[in-house]
Amino acid sequence: MPRVYDNWERLVRATLKQEQLRSAGQGPERSGSGIAGAVPPSLVRTTNIDAILQAADEIQADDPNVARILCEQAYSMAQNLDPNSGGRGVLQFKTGLMSVIKQKLAKRDGAPIDRNRDIEHLWEFYQRYKRRHRVDDIQREEQKWRESGTFSTANLGELELRSLEMKKIFSTLRALVDVMEALCKDADPRGVGKPIMEEVFVCYLRRIKKVGELTPYNIVPLESPSLTNAIGVFPEVRGAISAIRYTENFPRLPSEYEISGERDADMFDLLEYVFGFQKGNVTNQRENVVLLIANAQSRLGIPAQADPKIDEKAINEVFLKVLDNYIKWCKYLRIRLAWNSNQAVNRERKLFLVSLYFLIWGEAANVRFLPECICYIFHHMAKELDAVLDHGEADHAPSCKNESGSVSFIEQVILPIYETMAEEVGRNNNGKAAHSAWRNYDDFNEYFWSPACFELRWPMRKDSSFLTKPKKWKRTGKSTFVEHRTFLHLYRSFHRLWIFLALMFQALTIIAFNHGKINLDTFKVILSVGPSFAIMNFIKSCLDVLLMFGAYTTARGMAISRLVIRFFWGAVTSVAITYLYVKVLDERNSRGSSNSFYFRIYILVLGGYAALRLVFALLLKFPACHTLSDISDQSFFQFFKWIYQERYYVGRGLYERMGDYCRYVMFWLVIFACKFTFTYFLQIRPLVSPTNIIRNFPSSSLQYSWHDFVSKNNNNALTVVSLWAPVVAIYLMDIHIWYTLLSAVIGGIMGARARLGEIRTLEMVHKRFESFPAAFVKNLVSSHAKRMPLNAQASQESQDLNKAYAAMFSPFWNEIIKCLREEDFISNREMDLLSVPSNTGSLRLVQWPLFLLSSKILLAIDLALDCKDTQTDLWNRICKDEYMAYAVQECYYSVEKILHSLVDGEGRLWVERIFREINNSIQEGSLVITLSLKKLPLVLSRFTALTGLLIRNETADLAKGAANAVYQLYEVVTHDLLSSDLREQLDTWNILAKARNEGRLFSRIEWPRDPEIKEQVKRLHLLLTVKDSASNIPKNLEARRRLEFFTNSLFMDMPSPKPVSEMIPFSVFTPYYSETVLYSLSELRVENEDGISTLFYLQKIFPDEWENFLERIGRGETTGDADLQENSSDSLELRFWASYRGQTLARTVRGMMYYRRALMLQSYLERRSLGVDDYSQTDATTQGFGFSRESRAQADLKFTYVVSCQIYGQQKQRKAPEAADIALLLQRNEALRVAFIHVEETGSTDGKVTKEYYSKLVKADAHGKDQEVYSIKLPGDPKLGEGKPENQNHAIVFTRGEAIQAIDMNQDNYFEEAMKMRNLLEEFRANHGIRPPTILGVREHVFTGSVSSLAWFMSNQETSFVTLGQRVLAKPLKVRMHYGHPDVFDRVFHITRGGVSKASRVINISEDIYAGFNSTLRQGNITHHEYIQVGKGRDVGLNQIALFEGKVAGGNGEQVLSRDVYRLGQLFDFFRMLSFYISSVGFYVCTMMTVLTIYIFLYGRAYLAFSGVDRAVAREARILGNTALDAVLNTQFLVQIGVFTAVPMIMGFILELGLLQAVFSFITMQLQLCSVFFTFSLGTRTHYFGRTILHGGAKYRATGRGFVVRHIKFAENYRLYSRSHFVKALEVALLLIVYIAYGFTRGGAVSFILLTLSSWFLVISWLFAPYIFNPSGFEWQKTVEDFDDWTTWLMYKGGIGVKGDQSWESWWDEEQTHIQTLRGRVLETLLTLRFFLFQYGIVYKLHLTGKDTSLAIYGFSWVVLVGLVMIFKVFTYSPKRSINFQLLMRFMQGVTSMGLIAALCLVVAFTNLSIADLFASILAFIPTGWAILCLAITWKSIVRSLGLWESVREFARMYDAGMGMVIFAPVAFLSWFPFISTFQSRLLFNQAFSRGLEISLILAGNKANVDM
């Protein structure tokens, strides 16, 4: 125990020191004061020990004795709660608390303690504390407010300033009351305790425990009223609370039922009592329903009433929206609703039903992923509720009763379902088992898509098939779909596409072979598409039957019947049509017969069949006919409709309106016209003649150079296949190219029409600034905030209207500029220059920001000095620059107003006289005569001196100096500026002369005190003194980009915003796991291997922002890191500054909280008068809008931000720094909420530890400590599926509003974009088709693009997709899905339909995309909007990018297997299906086909070269060497790899940057080798997509989101890319070598280069891209270190616990884990067989074999190979025996070496074996060895049983060593040349160079030479 005491003594000392620092203003805000911050979670959950200890800390200084009493009581409570200290951390806590108590006792210096008087001390202190803080006055004020319904602004002004202090006071009082209450129970009845309890507790003290400030609440204080939260004043909130209030019509609650808080009973109390819902769930959903109703009411725009009531429309809207899915479910299953009709249900019943649904959903946990299961539960519970409501007394529901008679919804309803799902999840072997082996979430949910689900009964039968738990030896069976792992899903899901392409290819080929003539004979041949169509449809039916295996025992009988009917129907039709067509061919071939009987029959049958399918296609897919098919109730028709298209609960009504349909049909018709024209003329027709010649070659004239098995006696079939296979592959793939081209064109046109890119430079911002206020008011200001109507009368002056616009625009613009300053993008000076004056003063013209007017006055004076013409000419020259004219006018009027305010008496008369004379001269046009313009510079200097004094604070000396400056100005104006006549008049003016002579003239001035005058003085001084042009302000590129985009968006089409009070409420939702929250100082200081710290890197890459940061915190530019770290406040700011430039949670939270800030400002300026705030209706200032109670409450009513920090509870328990950082974010953002999973461990007597899981929501309390708002017990571990969607699911119950924006924790937001959120939310009500939008797509800006060239490539690629790509997908194609964040969901729509993502393990690894699939299938509508953007971080290093793309490609591989893709592919109409295919899995299929085409082409060429056919055919027919085929193939490869995929990017550049900048950017990217990067990415996507479908293995790959400036070691790159890129690249290289060595090409080397250029480019890209894009990849020292590291890794033996990054053997074992199943082994074996082609072909090409083509030669080559293997074993054998045996082995190795050399020499000398043959043999044996290795790995268990595994491993090590050397050698060679490294640095970091980044210093770590 002494050690524990010591630890706690240190904790106490550290805590006291922290408190002293905080009191001095140096320490960070605390998350838990003193020992209160160390209370274990197990004690916090059931007691208020932490609050008591917090109070003890607070009053320690006031009364140590009372603090001691509180601590002792806290110890007693902990001891009573956990006497054995079994909970986690309880023993340490109790020990530490005892230590603190002893310290407090020790400070009494031995004075005795009478604990019997403790309660008296507490009571006395309580009374003193209450008087000192005016608690009675505060509560009386609260009572008045509650009775009147309005605030007393006089007192609440003071209360608002003390809101935080009040919360602390009430918290302390509550703790005192709790302790007194506990002590009174144990007190002597004869003492003081009993009277206190009787007299005081009953009357008063218990009320303090229910004060709203202390009762935890989320947004609305429903349990107890709150003084500081004005949200309860809003009439809609009061009306909503009143609407759910309990009435006498409801069943009576039992008398023992206790109502929590100081509220009245309501509907939720009845539901809690009847069904046993948890308190936390009830409290949470009570607020949710109140807010839903209140917001629905506010949108009706009904004027507020004294006693507000909720309108029936609002209740009906909420009712129908929440229960929409339930109503559709009942209609689908043809069952009655739980109520008779909507008209028969009164408003109270509707609210009961809505509340019941939300309570079920809120406690359903993982069952929330089963929306129709929730419908089933709701259906039965609603009936139970109906029965309860019809009785006078409330009673428990039978379905939720347990054996003890109590009720618990979670135990009786949710837990059985959860346990069944958990058992099924246990069968998936952590995601490695086949999908068909276990039921996922979709399988459970689809059980409720059939009336058979009612066999489950109510209460649910435990023995039902639904709740059947799986047995080890038996599957439980899938529901309606089985996700078998096979490529066949591609055909099954999109069979219409493949059939269409096959039939078109068939028809075009037939036409080509008939020389383009279409006559009756040709037509008959073309009709062969009929049998093809029937057979391919039959194949699809076969796949349906085959791929449903695993669901036959559990699937619906109707579904199986449909499969059987379709199977037999397909078989019959395919046989019949094929038979008829054969007869037609017989007739055609019978030339002498004119009979066409079968032809007519065939035409009739085919026409009837086609007509039937066409009719059903039109009825089910064509928009205009869809309604007809829905309303037809004819059973005959319904039967055929069911046969044609399966009926699911989802996927019904997937049609669009006619206009949208025509648009996407036209889109695809254009593509097909281009594709088929290209295919026919450039692919098919050029091959007709060569094919005919090859087929008709006489076998005698065509000699094969190897032993041929197939072609020689079969019309050279393989030769024909080798020619046609690449063409067919390209034909299947190039649809993506044509789509890319057309979508780029259409997207560019749409973007231009949407006015994107109109303002793309700072110069454009300057030129068009004058039009911004009007555009801003039109688009972003609601009608409530427009103090002047927009449709102004014609008589109204435009100047006044413009000034009104500017006045409305200025507060928002200035807040944007302020945010830019807070983010350190601009300096203080830039902020002053960019700010717009308020324009609310008496100045008669619009005042523009100074950056537009700077230096304009000086230029105008220069024009005046050069003026030799009239006043009109001078003014015309000035007006050529409109901002110069504005500057001159403002300067003139401002000077007049300032001088008028400064002087009085005679001085004022002089000012009035001067300006009167000047005005008269202007009107007469004689200004150049009245004034001596040459003297203007002198006047300017005098006035500048005056304003320079006036902008400072007043002192006596300054006042005297200012008076003198005014007199000097008077002298200059009078005697120098004015004309002689006017000068004489003024000199002889008696009043002025007298004052001047007496010394009174300008002897004193009135110092500016009016805010308007002070603002004008400051502004005029800047206007006169800023001499340099502000054309480059702001300097920061990011600030420019943001202002350019924002100002451009003002002119784009967007819905008009509603007032904040009437807008759609929304939540922002961010899932977080364990990523970086906030960089710690140690993380910022730690250096990498090159000596570079993160902070140093950031300082160099953001130099201007670093200077602005230092300026903001009041530090000089020379301030060092150590200086900042000395001050705790500055060090905290430093951490935030760095974190805001990374991909951290802090950055995301700051960005998302801009929504609240924007809403507060907008609400403040809309002036919704509720009696809360005391402000003038005409006051336009926004200073302190954040302190407005009404604005804050209004923002909280409309906006909620929940961060789901899944393991925050665990992080707090282990004192992780992330937990402290999250707590810090909570303290700094009062509206931020954090949800997390809390795990409660309890031990049992048998030693087992049981875990209870809770979903909790916390916020920061008055002390900055976590305050638990809600706690909902879960049925078990919530992580049954994928982590992220499960994280979202547990916390989504805490979101609010009707929309929810899904935000990742690597995103950012901007204040100016947050202001447009109201407009975006109005899109939910806009017309976007026949269905309202359910997901609003939002544009992203990738903010990591400036870090490196790779980041720039990734940024451009991503930007192209999220802008142009998604623009086209949304319209015209109508297939945009959800591609991640920041889309905005219709919250109610999605939470009633399964949530915002899917979570089944592995199959839903790309969880986001399934939200789009689900929304579309459930008749949602997804749109895309580009007038608003959200920031997004992306991976910036090649390895990060590769891991990310691997994750996405693997996710797409899983999508191919999914039921969602299958249903969309089947249920979309044909053209929309094409769009869906090409924009989802089709992109990856085409990417894979690109690589496969290269393989097919090269293997075809290898076949021609090995067989000798190419040379023979060219010699005989001279046709193969230079056909159009070669050019077509090569063009296709270059097109796909390089140019065409970049077209959307180029179009995006042109649209948003301009043509010249687009060309420059594209050329720059090419020079930075972007084509190498994109080609490399091609390989990444192909590898992971293909492997996932073949073997599985898709998983979340943590990429890391840090700054990548470190050098990646060679071995690390090799491990990551060996199998995905290097092996495949070397295979392609071998094929190319074979082709150049043995192939024949007419034209020689030039033709070969042209044919294979793109293939060689692919090889180089795949082999060397990881080293080209590796920082310091070509530095010699790094290369040497990499070689040492690689050889160490290669030779290190693996073992248990050794990871793959430490040992080659461990890595090699890990690389084989993807081959798990027999099917996978067979497929791998088949794919491996291709490597044997090399040896088979090369052995017949050796000089040694001559022209012999016997099979024995190939057999002899295997003998040689076996001999070489034996020799290798001799050389690598290392025995662990005696030394003598080792010597014998060395002798044998030496003899073998000499013998081998001698044998080679003899063979070369005496046979035809040449040196070239030796190299050829190596070329032959390398692929064969690799094939043997692959087969050995595939059949590992067999090889291991034969004892050959160790030998296989050594061979594999040799292969990896060889591959590594092939790659390493060029890298090492280039590292010899220093300029290569310099060039590479420039290549990698060009963007940073352009902004002055000294990257060479960064990479070298030469910090000593850099001034920091």
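Cβ atoms here come from the backbone N, Cα and C positions, even for glycine.
Here the structure is a predicted model, which means the values were calculated and not measured.
What TrEMBL annotates here:
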| type | residues | note |
| --- | --- | --- |
| DOMAIN | 348-461 | domain '1,3-beta-glucan synthase component FKS1-like' |
| REGION | 19-39 | region 'Disordered' |
| TRANSMEM | 494-513 | transmembrane segment |
| TRANSMEM | 525-551 | transmembrane segment |
| TRANSMEM | 563-582 | transmembrane segment |
| TRANSMEM | 597-620 | transmembrane segment |
| TRANSMEM | 661-682 | transmembrane segment |
| TRANSMEM | 723-750 | transmembrane segment |
| TRANSMEM | 1474-1498 | transmembrane segment |
| TRANSMEM | 1646-1669 | transmembrane segment |
| TRANSMEM | 1751-1771 | transmembrane segment |
| TRANSMEM | 1783-1808 | transmembrane segment |
| TRANSMEM | 1814-1835 | transmembrane segment |
| TRANSMEM | 1855-1876 | transmembrane segment |
- prompt: Under the DSSP assignment, what numbers of helix, strand and coil residues are found in the domain '1,3-beta-glucan synthase component FKS1-like' (348-461)?
  reply: 79 helix, 3 strand, 32 coil
Message: Let me check one thing: do the transmembrane segment (1646-1669) and the transmembrane segment (723-750) come into contact, meaning three or more Cβ pairs under 8 Å with sequence separation of at least 6?
response: no
Query: By Cβ distance under 8 Å, which residues at least 6 away from the ends of the transmembrane segment (525-551) in the same chain are close to it?
result: 436, 475, 477-482, 484, 486, 488-489, 491-492, 495, 498-499, 502-503, 506-507, 510-511, 514, 518, 560, 563-564, 566-567, 569-571, 573-574, 577-578, 581, 584, 602-603, 606, 609
Residue numbers, six or more beyond the limits of the transmembrane segment (661-682), whose CB comes under 8 Å of its CB atoms: 504-505, 508, 511-512, 622-623, 655, 731, 734-735, 738-739, 741-742, 746, 1371-1374, 1469, 1471-1472, 1474-1475, 1524, 1528
Statement: Counting only residues at least 6 beyond its ends, the same-chain positions whose CB falls under 8 A of a CB in the transmembrane segment (723-750) are 501, 505, 667, 670-671, 674-675, 678-679, 683-684, 687, 690-691, 694, 1363-1365, 1367-1368, 1371-1372, 1478, 1482-1483, 1486, 1489-1490, 1492-1493, 1496-1497, 1500, 1525, 1528-1529, 1532, 1535-1536, 1540-1541, 1543-1544, 1546-1548, 1550-1551
Message: Let me spell it out: take the transmembrane segment (494-513), skip the flanking residues so only those 6+ beyond its ends count, and list any with a Cβ under 8 Å from a Cβ in it.
response: 522, 525-526, 528-529, 532-533, 536-537, 539-540, 676, 679-680, 684-685, 688, 692, 728, 731-732, 735, 1465, 1470, 1473-1474, 1477, 1482
- prompt: Mean pLDDT for the domain '1,3-beta-glucan synthase component FKS1-like' (348-461), as a whole number?
  reply: 89
